[in-house]
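According to TrEMBL, the FAD binding site annotation covers 96, 134, 137, 138, 139, 140, 141, 142, 143, 144. The annotation domain 'Cryptochrome/DNA photolyase FAD-binding' is assigned in TrEMBL to 134-306. If you look up TrEMBL, you'll see 39-76 marked as region 'Disordered'. Per TrEMBL, the feature site 'Electron transfer via tryptophanyl radical' maps to 166, 219, 242.
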Ligand SMILES: Cc1cc2nc3c(=O)[nH]c(=O)nc-3n(C[C@H](O)[C@H](O)[C@H](O)COP(=O)(O)OP(=O)(O)OC[C@H]3O[C@@H](n4cnc5c(N)ncnc54)[C@H](O)[C@@H]3O)c2cc1C
């Protein structure tokens, strides 16, 4: 469910959906909203298979050896979601814009999984949120839903074909998935994903950009891996963002490549995030932690998968 229905807005210049975010944001901001409704008293289930309690593993997804500590997955259900939403709304009003890319600080709402499963209503969330930057993120969610509604093959075909020739490299793909590329910010993110089914937005961009723009592996491979592991994994936002990063989607600068080192220095200046997920780099000082290849080899940590100057 979205705030504004996917087919509700049409660009004035023609076309069945918005291809660029900024004009969509303008139209979306002006669009009317339906009323927030109370939850129904009862939801009738269709007949068929008996409903039981699913068996849920409490174990992290990946190798516990590499996880920083046994991780408590967020509690499911509407009550937990509403508690999280209330706490978040109280708190995010302050500094979401400054804090959302603070990798060590973990200062985003973490409402993604609840939005995915319909435990909170994005419409209600928007109606209560006072932080403009946060509301803008909710608009990104709607944006990708309207793109996907118009282009349902978003998880298979290039939205804007660019004729890129991707590399088949099983070893590189395995290293990326396991967090063993030798590039600390990429590895920390990928191990974070394995351990907790989550990763901050900034690290999703860095790890995705690394795979498609530096290792030249097909975006479908990376997006499929994210889709398998993300607690908030949904087709529209996952594949929409992957195609944005790969330059085949809605980015107006399709050749953009993120430098993992520059990004890491900027958003994890003390190397706290990286060290949290890469225990083998625990003793490396902040100055060197994002570029360990510049000093003596670190025992138990691989050299970088692709050359770094
Ligand atoms: C490669 C890649 C893959 C991604 N895959 C997913 C996915 O499968 N599911 C998903 O919900 N988001 C995805 N995102 C977007 C974003 O990373 C997550 O929504 C966000 O990190 C979730 O954390 P949060 O709930 O704390 O977000 P907050 O920062 O608190 O934002 C609030 C909500 O806004 C929405 N939102 C924020 N940023 C985006 C965005 N760029 N695109 C779409 N919606 C956004 C989400 O619903 C999010 O829960 C992806 C981003 C990238 C770069």
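Backbone N, Cα and C atoms are what each Cβ position is placed from, and that goes for glycine too.
Features recorded in TrEMBL, as mapped to the structure shown.
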residue: 96; record: FAD binding site; contacts (Cβ under 8 Å, 6+ apart): 107, 108, 131, 133, 134
residue: 137; record: FAD binding site; contacts (Cβ under 8 Å, 6+ apart): 100
residue: 139; record: FAD binding site; contacts (Cβ under 8 Å, 6+ apart): 3, 21, 24, 25, 28, 29
residue: 141; record: FAD binding site; contacts (Cβ under 8 Å, 6+ apart): 2, 115, 122, 236, 237
residue: 143; record: FAD binding site; contacts (Cβ under 8 Å, 6+ apart): 18, 21, 24, 25, 28, 240, 250
residue: 166; record: site 'Electron transfer via tryptophanyl radical'; contacts (Cβ under 8 Å, 6+ apart): 216, 217, 218
residue: 219; record: site 'Electron transfer via tryptophanyl radical'; contacts (Cβ under 8 Å, 6+ apart): 208, 211, 212, 242, 243, 245, 246, 248
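All protein chains considered, the CB of residue 242 (site 'Electron transfer via tryptophanyl radical') has 25 other CB atoms within 10 Å.
The maximum pairwise C-alpha distance among 96, 134, 137, 138, 139, 140, 141, 142, 143, 144, the residues recorded as binding FAD, is 22 Å. Proximity to ligand 1 (Cβ under 6 Å from any of its atoms) holds for these recorded positions out of 96, 137, 139, 143, 166, 219: 137. Mean model confidence of the domain 'Cryptochrome/DNA photolyase FAD-binding' (134-306) amounts to 96 (pLDDT, 0 to 100 scale).
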